[in-house]
Amino acid sequence: IVGEVANFAAYAFAPAILVTPLGALSIIISAVLADIMLKEKLHIFGILGCVLCVVGSTTIVLHAPQEREIDSVAEVWALATEPAFLFYAVTVLAATFVLIFRFIPQYGQTHIMVYIGVCSLVGSLSVMSVKALGIALKLTFSGMNQLIYPQTWMFTIVVVACILTQMNYLNKALDTFNTAVVSPIYYTMFTSLTILASVIMFKDWDRQNPTQIVTEMCGFVTILSGTFLLHKTKDMVDGLPPTLPIRIPKHDEDGYAAEGIPLRSAAEGLPLRSPRAAE
């Protein structure tokens with residue numbers, strides 16, 4: 001809870017293009033604490049992944065844009081209602097509804113990108129709303145009450161709706177697919193879309209030169225490489241290659257061999273018994 005509150009506060013004082021990628025630092029801390037407290041050995045590839053995350057994060061911090069000066073939540077609302085961001089928001093909502101009502105019923109249990117796509121698309125809007133709400137609260141605490149503006153409450157409603165949707169489908173993805181597969185893909189898509197949304201809404205790159213932008217992107221790619229390496233090799237022991245099945249069996253009951261998801265015959269559409277259940 002403390003960590004999420006601090007993360008929320010960070011959006012009020014720094015650009016989303018800086019705050020969001022730095023979430024990779026939690027991966028490093030988790031890996032180190034797992035090695036110390038849970039005796040999960042951090043092998044050479046895990047250490048290399050942590051180093052890549054640190055290097056990428058440092059690169060982004062050194063070249064990130066300065067926070068834009070905003071004097072009221074009405075100014076944030078004006079940025080959110082500009083044609084470019086409205087087009088992005090409408091596109092995101094349309095894609096989200098198509099995924100939820102068209103693709104999830106058919107492919108949700110077999111294609112990992114369906115659930116993660118919903119989480120990432122909605123997540124980019126939730127971060128923009130969280131940042132707007134954070135700015136409103138920061139200004140309120142500094143003596144300029146923003147709670148009297150309806151825009152503040154509009155952003156609050158969007159935050160609640162987006163986070164509930166995001167958490168719902170993220171839980172579905174984690175329940176259906178291997179966490180080691182979900183985590184790096186979700187981090188990559190969510191962070192990429194958040195950076196895109198921030199660039200469109202707050203025009204972060206307008207205050208930077210091409211060299212700074214390219215350097216930031218290199219730092220982001222470095223973080224992605226470290227994150228992927230950490231998750232890809234998390235089960236590697238004594239030099240043995242990791243095994244990362246898309247699904248992990250949780251149940252031995254009839255017809256349930258993949259985290260409670262029944263296996264079905266493509267031809268008959270009937271539940272099948274798992275090999276272990278048959279034994």
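In case you wondered, yes, glycine gets a Cβ from its N, Cα and C as well.
Per TrEMBL, the feature transmembrane segment maps to 12-33 (among others). For the transmembrane segment (12-33), the list of distant contacts is 3, 42, 46, 49-50, 53-54, 56-57, 60-61, 64-68, 127-128, 131, 134-135, 137-138, 187, 190-191, 194-195, 197-199, 202, 204, 216, 219-220, 223, 226-227, 230: same-chain residues at least six beyond its ends, Cβ to Cβ under 8 Å.
According to TrEMBL, the feature transmembrane segment maps to 45-65 (among others).
As annotated by TrEMBL, transmembrane segment applies to 85-105 (among others).
Away from its own ends, the transmembrane segment (112-136) comes close to residues 8-9, 11-12, 16, 20, 70, 73, 76-77, 80, 89, 92, 95-96, 99-100, 103-104, 146-147, 149, 151-152, 155-156, 158-159, 162-163, 165-166, 169-170, 172-173, 176-177, 181-182, 185-186, 189-190, 192-194, 196-198, 201-202, 246 of its chain (Cβ-Cβ under 8 Å, at least six residues beyond either end). Feature annotation from TrEMBL assigns transmembrane segment to 112-136 (among others).
The transmembrane segment annotation in TrEMBL covers 148-169 (among others).
Residues or ranges marked as transmembrane segment in TrEMBL: 181-201 (among others).
The transmembrane segment feature in TrEMBL is assigned to 213-230 (among others).
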Interface present between the transmembrane segment (213-230) and the transmembrane segment (85-105) (three or more C-beta pairs under 8 A): no
Long-range neighbours of the transmembrane segment (213-230), counting only residues six or more past its ends (CB under 8 A): 17, 21, 24, 27, 31, 45-46, 48-60, 63-64, 183-184, 187-188, 191, 195, 205
Positions on the same chain near the transmembrane segment (45-65), where near means CB under 8 A and six or more residues out: 14-15, 17-18, 21-22, 24-25, 27-28, 31-32, 204-205, 207-208, 212, 215-216, 218-230, 233-234, 236
